[in-house]
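Read the structure below first, then the notes.
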Amino acid sequence: MYRTNTCGELRLSHLQQTVTLCGWVQRVRRMGGMTFVDLRDRYGTTQLVFNRDSAPAELCDRAEDLGREWVIRATGTVMERSSKNPNIPTGDIEIAVGEMDVLNRSEVPPFTIEDETDGGDDLRMKYRYLDLRRHCVRSNMELRHRMALEVRKYLDGEGFLEVETPMLIKSTPEGARDFVVPSRMNPGQFYALPQSPQTFKQLLMVSGFDRYFQIVKCFRDEDLRADRQPEFTQIDCEMSFVEQEDVLSTFEGMAKHLFRTIRHVEISEAFPRMTWHDAMKYYGSDKPDTRFDMRFVELMDVLKGHGFSVFDSAAYIGGICAKGAGSYTRKQLDALTDFVKRPQVGAKGMVYARVESDGSVKSSVDKFYTQETLQELRRTMEAEPGDLILILSGDDLMKTRKQLCELRLEVGSQLGLRDKNKFSCLWVVDFPLFEWDEETKRFYAMHHPFTSPKPEDIPLLDTDPGAVRANAYDMVINGVEVGGGSIRIHDSALQQKMFELLGFTPEKAQEQFGFLMNAFKYGAPPHGGLAYGLDRWVSLFAGLDSIRDCIAFPKNNAGRDVMIDAPSVIDEAQLQELFLELIPNEN
């Protein structure tokens with residue numbers, strides 16, 4: 001037996017017991033005739049003591065020679081520490097070591113294996129196996145494990161079956177780019193890695209598996225952000241004989257179960273619901289952060305037509321009221337202006353107005369507006385003395401709202417209104433079924449081609465497709481879309497109509513999705529579902545800024561795994577075996 005206990009379990013109740021521990025040397029300290037070694041494993045850290053007054057000199061000499069991250073086994077007696085460490089669970093005890101074996105030496109690690117490390121992102125990604133030894137990273141993996149267990153426990157209790165679907169599937173042109181896999185046995189043909197198990201879970205509904213789930217890897221070849229990776233994990237679910245209300249109730253229940261069991265937060269009230277239209281109107285985003293208010297107020301009637309050309313020519317003027325921010329200095333306001341003018345935001349500038357202690361309003365465009373008009377602005381914004389009004393305008397309604405959204409989030413962060421330990425959950429519902437692309441002059445499915453329109457909007461498919469609302473819904477927590485889904489189309493004729501509106505010829509629709517259309521001919525039940533992003537849930541509960549920190553071996557922002565150096569070139573023999581030839585990139 002290599003060990004009798006772990007480095008995180010010994011307490012005062014174990015005093016005088018002889019134990020054997022294994023782990024990695026965190027640090028070595030020498031004080032007089034004593035050497036202290038912090039020994040670490042997955043479970044915690046325990047202090048080892050080598051005392052020259054009671055232990056063999058040869059053993060103490062070897063202890064002094066130990067290096068960081070050496071792997072050792074130590075046997076000794078559990079003793080009470082004279083100088084306790086309240087910061088760790090094992091801080092009341094130490095091990096007086098009588099025997100020690102070095103199981104493996106280590107080179108000096110390229111960065112310190114501590115929560116507060118000196119290693120940069122790139123270096124830690126290259127040596128991810130060392131980064132995973134850090135407690136803060138390891139705890140994210142443990143959180144992920146516990147969440148996956150609770151997901152399975154909840155869904156099993158609700159009668160769901162976990163069914164695995166294929167990883168090598170057919171490529172479809174809609175949505176993000178596919179990762180493709182050449183087939184050696186079928187020259188010139190390719191599989192795709194699934195962006196989601198969407199069509200397979202619908203086929204399972206046709207098969208009679210009325211409640212399905214799986215925790216599944218999905219793949220999308222798209223530009224990366226803090227909340228995106230080329231491969232990610234979904235909690236994928238589907239239900240038969242349900243309406244939207246049934247799906248929302250089931251998965252709101254799962255969210256509450258996770259809050260209760262993982263975060264120990266009890267949520268009794270129902271999640272509020274907001275239409276997509278209201279989310280865009282008041283927050284400029286279909287995933288609004290509702291931890292704080294600061295809703296948009298349209299100001300066209302108040303500010304247009306007063307000789308200020310920027311506003312007079314605008315298609316939209318919107319403002320937010322930052323409560324208590326009237327003390328912002330000119331330097332802070334200039335920094336906010338620079339923020340909205342960054343290419344990532346794209347605004348041309350920002351106008352501000354502050355409400356003074358006497359109720360008067362002082363603005364950055366005073367020469368264009370009378371105090372009477374500024375007081376009307378104050379009333380419209382419901383601003384009080386000490387408040388700050390921030391205003392953006394533009395000639396594109398949706399674009400300007402998105403810019404105002406970025407400003408709102410930035411100000412919310414500056415004012416401490418986005419506490420990671422406070423959670424605000426809601427459903428966003430009634431999405432548009434289609435979105436119009438000006439460049440290609442065609443409709444695209446806002447979610448996917450299998451989303452059902454609201455029954456009362458079906459007649460609009462022939463007259464005004466852009467006005468059709470979808471039976472779709474997203475769960476949003478703290479401005480993060482943690483999951484989304486829809487009621488699916490289960491009628492072949494309606495599905496065919498959907499394909500036509502999306503620009504599919506009957507031949508193309510049959511080529512891409514004929515297997516699903518054929519299945520619908522054999523009695524497809526009404527069905528719907530949802531997919532949660534497990535990575536996003538974990539990062540939310542862990543208070544992380546990026547999902548990368550809750551994935552064991554993530555890719556960097558260029559989609560590369562710098563640890564194993566992937567993607568990489570393959571041998572010419574492999575290319576020939578796959579009947580592939582590389583064309584030089586002239587760029």
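For all residues, glycine too, the Cβ spot is worked out from N, Cα and C.
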Per Swiss-Prot, Arg220, Asp221, Glu222, Glu481, Gly533, Leu534, Asp535, Arg536 bind ATP; matching candidate in Gln229, Gln495: Gln229
Of the residue ranges 142-145, 198-201, 306-309, the one that Swiss-Prot records as region 'Aspartate': 198-201
Site diameter for ATP, Å, by largest Cα distance between Arg220, Asp221, Glu222, Gln229, Glu481, Gly533, Leu534, Asp535, Arg536: 20
Site with most surrounding Cβ atoms, counting all protein chains shown within 10 Å, from the binding-site residues Glu222, Glu481: Glu481
Cβ-Cβ neighbours of Arg536 (ATP binding site) (radius 10 Å): 22
Among Arg220, His447, Arg488, Leu534, which are binding-site residues, the residue with the most C-beta atoms within 10 angstroms of its C-beta: Leu534
Tally of residues which DSSP labels helix, strand or coil - the region 'Aspartate' (198-201): 4 helix, 0 strand, 0 coil
